[in-house]
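Engineer: Below are the structure tokens for one structure; questions will follow.
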Amino acid sequence: MTGTPYVTLEAVTRQWGGKGGVRDVSLAVPEGAFVSILGPSGCGKSTLLRLISGLEAPDAGCVRIAGRDMTARPASDRGLSMVFQSYALFPHLSVRENILFGMRVRRVQRAEREAKLAQAVAMLGLEGLEGRKPAALSGGQRQRVALARAVVSGHPLCLMDEPLSNLDAKLRHSVRRDIKGLQRRLGLTVIYVTHDQTEAMSLSDQVVLMRDGAVEQVGSPRALYADPVSTFAAEFIGDPPMAIVEGAALGRPGALIGLRPEHLSPAASVPDLAGIVCEVEYMGAATHLIVDHPAARGLILSVPGHADWRPGQRIGLHLPQEHRVLFDAQTGKAKKDPQQDYGGDRRQTAPRDSRKAPQPHPSTD
Amino acid sequence: MPDLAALRRRRHAIHGWLLLTPALVMLTTFAFYPTVATLWTSLFSRGTRRRPTEFVGLENYQRLFDDPTFWLVAKNNLLYAGVTIPISIALALAMALWANSKIPARSFVRTAYFTPTVLPMIAAGNLWLFFYTPGFGVLDQIGALFGAPSVNWLGQPETALWAVCAVTIWKEAGFFMIFYLAALQTIPPDLKEAAQIEGASRWAYTRRIVLPLLMPTTLFILVNAMINSVKLIDHLFILTKGGPSDASKLILYYIWENAFAFFDAPAAAAMTVLVLAVLGALAAFQFFVIDRRTHYR
Ligand SMILES: Nc1ncnc2c1ncn2[C@@H]1O[C@H](COP(=O)(O)OP(=O)(O)OP(=O)(O)O)[C@@H](O)[C@H]1O
Ligand SMILES: [Mg+2]
């Protein structure tokens with residue numbers, strides 16, 4: 001994961017009438033890495049991907065691919081392939097012709113075309129479907145045709161915009177594995193847009209978390225999980241996400257305290273926090289207790305197996321000191337607590353200085 | 001309960017027929033009955049006060065085939081169709097592709113192209129009469145600027161039919177453009193982006209993606225254009241009245257002349273039957289042969 005940057009964005013901005021889009025995004029994607037762009041709907045993920053692909057031109061900033069400035073070059077010069085959310089298969093062409101389309105317009109020799117087609121068809125298990133039109137395929141099959149079309153181009157960079165969002169949960173898992181396998185086998189650099197944090201966490205070497213057109217945090221899935229730079233990141237990552245408790249309730253006014261659900265437990269003796277069970281969700285391997293407390297949000301307690309709790313019961317919670325993550329109550333940014341021992345493994349990416357500023361000023365970046 | 005099922009089926013059948021009735025009545029009154037009546041008329045002689053009509057079989061058709069004007073008119077109409085259909089469709093497609101791209105004043109361009117369609121054909125005829133008039137017509141005035149001699153576009157056999165064709169193309173291209181525009185807007189923009197990323201040029205995208213996806217529209221327009229090439233003769237009344245020496249006379253105009261100027265209803269009927277047969281055959285060919293090779297989404 002520490003290859004030279006293959007794709008570099010430098011302070012890239014693209015907005016419409018000063019709104020939407022992305023602003024001032026800088027990013028370095030290592031060669032051969034699987035990078036996810038993650039964020040809620042409308043945060044600018046697709047815009048960012050389209051800027052990289054050349055389908056959108058930045059208002060400011062610079063896009064480099066393989067060390068060359070590509071800012072003003074058209075999409076076809078950038079040596080990349082793309083899988084669209086809608087798959088964008090040509091409806092009047094057969095699977096075969098869809099896969100061959102790019103090679104035909106690029107006038108690739110017939111023998112090479114056929115060889116690559118056969119290879120892609122075999123790789124994605126599309127045998128027997130070559131003659132069908134996209135309308136006669138299932139969603140998963142269309143998905144694989146779109147992947148095949150991207151693969152045969154032979155470009156080292158592949159962009160994917162929520163390629164799995166039209167598939168059902170089960171298929172999503174299997175295609176997810178296919179994509180990852182393909183990326184590894186072909187040594188592709190993949191930039192993968194998703195709003196599903198599970199997808200991003202499980203697939204990526206690196207996750208780019210976005211919020212309102214700006215990058216909130218960049219890091220390995222582990223770093224994002226263990227060391228969120230803000231309450232936004234804390235509450236976006238994880239399933240269920242981090243619980244946030246007002247510091248005052250735990251004797252730390254002016255701060256917000258985050259805790260991962262797996263670190264919460266019912267108190268054995270004196271509870272740190274006492275709440276009311278308002279929902280019990282049985283998940284099979286575990287039971288989620290959704291706990292209500294006036295000073296906390298997202299308090300979800302995961303107890304193994306079937307737990308005999310009922311809504312309305314009072315519950316005392318133990319919030320272990322060593323797993324508490326501190327955030328500034330005003331800015332929502334993580335802050336380093338001198339009293340706290342974070343443990344060496346937690347500090348994977350050093351947050352930028354601006355991120356841990358403890359001064360209570362509203363963030364303007 | 002077989003009785004109940006049968007009852008219900010019958011109720012459905014009655015329901016269906018009730019729904020069909022209005023269309024059936026209209027079609028019968030205005031299409032089927034006239035067709036049959038025309039066919040019938042074409043088999044009888046023209047009645048005069050002295051000689052009543054009598055059954056003559058195919059004699060009217062024979063008379064038609066012996067009539068050199070009929071052949072001239074048929075040839076004119078073929079030329080007229082052969083010129084106006086491809087040119088107006090190609091023009092419509094070009095205008096639609098242009099008016100659909102990101103250009104300034106897009107809606108103005110669209111409106112401008114569509115305006116001729118809104119004009120009644122008679123008004124269009126009068127407008128073009130003014131363009132074509134020798135001496136002070138717009139065409140002649142422009143020609144005069146470059147020192148060209150005055151041309152009587154409508155008054156000489158060599159140019160009359162072409163002048164009429166120009167009016168038709170001008171009138172129809174904008175109309176067909178609307179259909180193409182509508183069809184272009186149903187093509188998802190990501191297809192273009194996918195093609196771009198695959199390295200397709202604008203032309204490759206148009207040829208390999210857009211044109212095939214527009215095929216159903218083209219077929220529809222083709223049928224319409226063919227029908228219009230027979231049907232649209234209003235401007236003849238204004239511009240040339242079929243002259244000079246039948247050089248710009250089209251079949252429908254000739255039918256009209258036979259029926260209402262020469263009062264030869266059987267000849268007009270025979271010609272109408274022939275036209276119907278040709279149009280029917282064309283429509284069948286289009287729908288059964290070309291249709292099968294066209295992609296419908
Ligand atoms: N062509 C455009 N014109 C105007 N605003 C746009 C345009 N494209 C995107 N935007 C705005 O930019 C913002 C980011 O859009 P973008 O499509 O990148 O979101 P996204 O993160 O991909 O969301 P989603 O997960 O829903 O696909 C949105 O607020 C959107 O309204
Ligand atoms: Mg998007």
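Glycine is no exception: its Cβ is also placed from the backbone N, Cα and C atoms.
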Engineer: Looking at the candidate ranges B:57-75, B:209-227, report the one that TrEMBL labels transmembrane segment.
Structural biologist: B:209-227
Engineer: With a Cβ cut-off under 8 Å, give me the same-chain residues at least six positions beyond the ends of the transmembrane segment (B:111-131) that come close to it.
Structural biologist: 95, 99, 137-139, 154, 163, 166-167, 170-175, 177-178, 232, 234-235, 237-239
Engineer: Might you confirm whether the transmembrane segment (B:12-33) is in contact with the transmembrane segment (B:209-227), defined here as three or more C-beta pairs under 8 A between residues 6 or more apart in sequence?
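Structural biologist: They do not touch: fewer than three Cβ pairs between the two stretches lie under 8 Å.
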Engineer: Would you mind listing the long-range same-chain contacts of the transmembrane segment (B:160-182), meaning Cβ under 8 Å and 6+ residues beyond its ends?
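Structural biologist: Result: 76, 79-80, 83-84, 87-89, 91-93, 95-97, 99-100, 110, 113-117, 119, 121, 124-125, 128, 132, 153-154, 214, 217, 220-221, 224-225, 228-229, 232, 235-236, 239-240, 243-244, 247-248.
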Engineer: Would you kindly list the residues that approach the transmembrane segment (B:267-290) from elsewhere in its chain, counting only those six or more residues past its ends and only Cβ-Cβ distances under 8 Å?
Structural biologist: 35, 38-39, 41-42, 46, 60-61, 63-64, 70, 219, 222-223, 226-227, 230, 251-252, 254-256, 258-259
